[in-house]
Amino acid sequence: MVSPRGVCFLLFLLLGSVFGSVFMLGPLLPLMLLSPSRYRWITDRIVATWLTLPVALLELVLGVKVVVTGDGFIPGERSVIIMNHRTRLDWMFLWCCLLRYSYLRQEKICLKAALKSVPGFGWAMQVASFIFIQRRWEDDRTHMSNMLQYFCRIREPVQLLLFPEGTDLTENTRARSDEFAEKNGLQKYEYVLHPRTTGFTFIVDTLRGGDNLDAVHDITVAYPQNIPQTERHLLAGVFPREIHFHVQRFTVASVPAGAAGLQAWCQERWREKERRLQRFYETVPRRFDAPAVGVCVREPCCQSGQCVCVPRCKSEGRVRIILVASLLYWSVFITAACASLCLCPPAQFYFLFMVVFFLCQQRFTGGLELMELACHRYWSRRSADKQE
């Protein structure tokens with residue numbers, strides 16, 4: 001069953017991503033050829049404006065409540081974020097947390113390569129230099145290394161989101177996780193899947209080796225009511241009433257070095273998640289049992305009336321201003337873009353040209369993030385030749 005509010009939510013995001021990619025990001029593509037680092041600095045901030053749109057729709061229009069407990073983020077720090085993958089949409093819901101406690105412009109996501117082909121969303125993700133993986137380590141290792149080393153060389157302060165479980169929690173994926181646990185003599189999990197640690201250990205070691213990592217944030221996400229497992233649930237109007245995030249921050253010095261140590265460390269985090277989520281879903285009302293940290297600037301955020309919150313880099317008033325401004329801006333921008341396509345032939349030609357470009361470049365070059373890497377390598381060689 002299709003819900004009007006679900007259709008409006010997804011349509012608004014789709015139009016924003018398509019028009020934003022064409023009219024906001026498209027004119028900046030030539031800068032990538034001249035200065036990849038400046039191109040990255042500017043496009044990160046433009047993409048971040050769109051990332052506020054889903055947050056604005058979820059919180060202001062749909063009334064979703066966000067609860068964050070545990071440790072805080074240090075604004076501007078470079079980190080790897082690991083999170084349990086309860087639904088296919090956790091990455092989008094996380095923006096509600098990062099908007100308050102970090103900077104959306106820093107976020108990169110490690111996600112499956114198929115999403116690169118989605119019109120609008122995939123184009124913007126390519127411009128944002130998200131890391132697309134094929135889920136074949138022999139193929140992904142080289143690409144991941146190139147992307148991470150690029151971020152290190154241009155001193156890009158990224159916060160890279162990774163789902164070590166590799167897929168969202170469903171009955172089928174839980175059954176496969178249980179089968180893996182039986183074969184390896186491990187505990188069976190009910191609320192999480194056993195993590196795959198190869199990518200995590202490689203990312204942490206690479207960023208640490210490139211002096212581009214300050215911390216690892218372990219985030220546990222939970223939904224007390226209404227769990228939208230897939231995009232189809234959003235289309236049917238199923239949105240969470242509350243989204244709970246529990247954040248644990250580990251300094252890079254406290255995280256083990258080497259594959260074996262990192263593997264054991266990550267597995268221990270998942271054992272903790274299982275226990276934490278079990279307590280969460282057995283508690284009435286459902287909430288993470290965490291002490292208050294810092295000063296709360298919001299009203300009580302849980303049904304129990306207890307206010308548990310973490311230090312933030314933005315006050316709740318500032319967050320509301322950002323969300324209202326985002327909703328107004330994107331409403332006007334989408335309306336203006338539609339009007340220009342109806343009334344302005346040059347805009348129609350430009351739009352058609354950019355759509356064809358986005359589709360063709362992926363077919364022939366593999367994606368804009370790969371073009372950006374190639375441009376960086378070219379200018380690096382030019383600089384090295386001049387120094388010689």
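Placement of Cβ uses the backbone N, Cα and C atoms for every residue, glycine included.
The motif 'HXXXXD motif' feature in Swiss-Prot is assigned to 85-90; the stated evidence is similarity to another entry. Among the features that Swiss-Prot reports, transmembrane segment is placed at 9-29, 46-66, 321-341, 342-362.
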Query raised in the report: For the motif 'HXXXXD motif' (85-90), DSSP counts of helix, strand and coil?
Result: 1 helix, 0 strand, 5 coil
Query raised in the report: Apart from its near flanks, which chain residues at least 6 from the ends of the transmembrane segment (321-341) lie with a Cβ under 8 angstroms of it?
Result: 12, 15-16, 19-20, 23, 49-50, 52-53, 55-57, 59-61, 99, 314, 347-348, 351
